[in-house]
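Have a look at the structure below, then the notes.
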Amino acid sequence: MTTFQAIFLGILQGLGEFLPISSSAHLIIFPWLFGWKEHSLVFDVALHLGTLLAVLVYFWKDYLDIVVQGIAKPKSEKGKLFWFIIVATIPGALFGYLFENIVEEVFRKQYLLIAIVLAVFGFILYYVDSIAKNKIELSKMNVFQAALIGVSQAFALFPGISRSGITMTTGLLLGLKKEAAAKFSFLMSAPIILGAGAVSLLKNINHVSAEFSNFAIGFFTSAVVGFLAIHFLLGIVKKSGFKIFAYYRFFLAAVILAFYLLRAV
């Protein structure tokens, strides 16, 4: 892997982890489009740990308040949010533990299938953004809503769905304001990224030193770009909603289809 490839993939991860466009789909599709070799599991760990750092740094004050209040005052506004995040994390973590390897094997080189998923979820995102009645603030959400958002996160294993996309969309369907749906999606991302990243890192810890340069580049790039992506999305949803990301999904699906057909000839 070249330095340029490490930076480019770090940018894709930083954007795709927090924007509703699917980081996993981008990390599969773009190396295929450019004819690059598959990146290693160690590098994949670096990318995810980078985005973990991004969300922890961006929301560090929120996380500090949430953890302290969750332990000291569990019935307070921030205290409830602590337990809501835990409730929302369990379904995705369980589903990932049981089925992640199976899903990865099925979707590994199914580029046309990924294009279809990107487009279909693009339509869903567009439709929900158009019809959802967004009135509920983050402080007014309940444990039932948190649980449903957590269950929806399980579907993010499928490349093209997007963890942030499916959780934000579910939040919108449940009546959360767009900013609230986005913020809860970001806040609940840390435990799932931390868990998955820690497990993968422990499995591949012996290979880190051999790939340290690319590991560091991918980590740093995804962290910086991820931080900027969070800021960008929180700003744009207030003005334009999520439709712009649906349009991008349609465009990328069309590009994948075109390349797939050209290479099949």
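Each residue, glycine too, has its Cβ placed from N, Cα and C.
The transmembrane segment annotation in Swiss-Prot covers 14-34, 40-60, 79-99, 112-132, 141-161, 182-202, 217-237, 242-262.
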- Task: Between the transmembrane segment (217-237) and the stretches 14-34, 40-60, 79-99, work out which stretch tops the count of Cβ pairs under 8 Å.
- Result: 40-60
- Query: Most CB pairs under 8 Å with the transmembrane segment (14-34): which of 79-99, 112-132, 182-202?
  - Reply: 112-132
- Ranking 40-60, 79-99, 182-202, 242-262 by Cβ pairs under 8 Å to the transmembrane segment (112-132), which is first? 242-262
- Query: Based on Cβ pairs under 8 Å, which of the stretches 40-60, 141-161, 182-202 lies most in contact with the transmembrane segment (79-99)?
  - Reply: 141-161
- Spatial neighbours of the transmembrane segment (141-161) not adjacent in sequence (6+ beyond its ends, CB under 8 Å) are 22, 24-25, 28, 80, 83-85, 87-92, 94-96, 99-100, 103, 107, 113-118, 121, 167, 169-171, 174-176, 180, 184-185, 188, 192
- In the same chain, which residue numbers or ranges, 6 or more beyond the ends of the transmembrane segment (242-262), come under 8 angstroms Cβ to Cβ? 19-21, 25, 29, 33, 111-112, 114-116, 118-119, 121-123, 125-126, 128-130, 165, 168-169, 172, 178, 236
